[in-house]
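Here's what TrEMBL has on this protein:
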| type | residues | note |
| --- | --- | --- |
| COMPBIAS | 356-366 | compositional bias 'Basic and acidic residues' |
| COMPBIAS | 376-385 | compositional bias 'Low complexity' |
| DOMAIN | 35-166 | domain 'HotDog ACOT-type' |
| DOMAIN | 227-341 | domain 'HotDog ACOT-type' |
| REGION | 355-385 | region 'Disordered' |
């Protein structure tokens, strides 16, 4: 099997290597840094998510005992997308069963490869709770069973909220956890406020629209412009995409988003491309069975070696629904360009034409520099220890 990127299209002209194909294992491609490296690590994270509630579904699995402060999150329930920290004016019944709902996946960087034949060790724990949301840290390590060598391959932070089983629009209160140190609670509260602020900023951008590209004549468009690589995919949500409660699995949505982002990157570079990282994925609204979703991607920024692609998922209720089209999910994907030998290649500079494109380019540059500075600070801190 050849090298495959985080995108569904995979890498172009890649050599045959014995790496796992993510889709062959039912893995959401967004969890892969590059296909030749991470299929099993991604599957491990996906299974870790399922342990705590799955990906943006809402399957009716019973929650553990309630303690009077609300129902405790189940260790084996599925989920549906819903904003963390959301509230419901009606106080939920303390004994009301609930399901965990995936609301946000924090930025995910892919650290090292996991190969066929290695063993994945997945650990997950609740690290913070607010009144209506739960932070779960998932860590994946790989072990070479021949040498015994172990390494961290993936880390992910996920935010869930508990939704009432009989009414998925009702948020159930979360009982607080006990912290070993006061500092842990303070640090968790800081992370909670940061993600909450980021979600608000993301919602402010939700007025942006990427018009679907229908039969584009790319011969008339200048290469390396936003319009040249812009791509869309239209998908009818069927039963196989959904949980038992009729809401789309988050993994299905993320797979489609990664496919569109990969197409944008491949059109821009005309080379092998692989996913380097995914910024926070925000699930703004649930997507019901029977909806028509439009997944749209556009290039926003390029550095010398990477490119940022913004992806939106808009939903159109299709059957017996008076609701108008709405923004369901949004995220930024970062890709890199590789040669057939797997070596990094320079990324063609994005040519911006309109004021909006120039604005988005500068915003992307700011995110790029911020991430770069944060990574350098972490490396320096690690070196000191």
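Note that Cβ sites are derived from N, Cα and C of the backbone, with glycine treated the same way.
Long-range contacts of the region 'Disordered' (355-385) within the same chain: residues 107, 226, 277, 279, 300-301, 303, 306, 308, 310, 332, each at least 6 residues beyond the stretch ends and with a Cβ under 8 Å from a Cβ of the stretch. Residue counts of the domain 'HotDog ACOT-type' (227-341) by helix, strand and coil are 26 helix, 54 strand, 35 coil (DSSP-based).
When pLDDT is averaged over the domain 'HotDog ACOT-type' (227-341), the result is 90. With DSSP states grouped into helix (H, G, I), strand (E, B) and coil, the region 'Disordered' (355-385) comes out at 30 helix, 0 strand, 1 coil.
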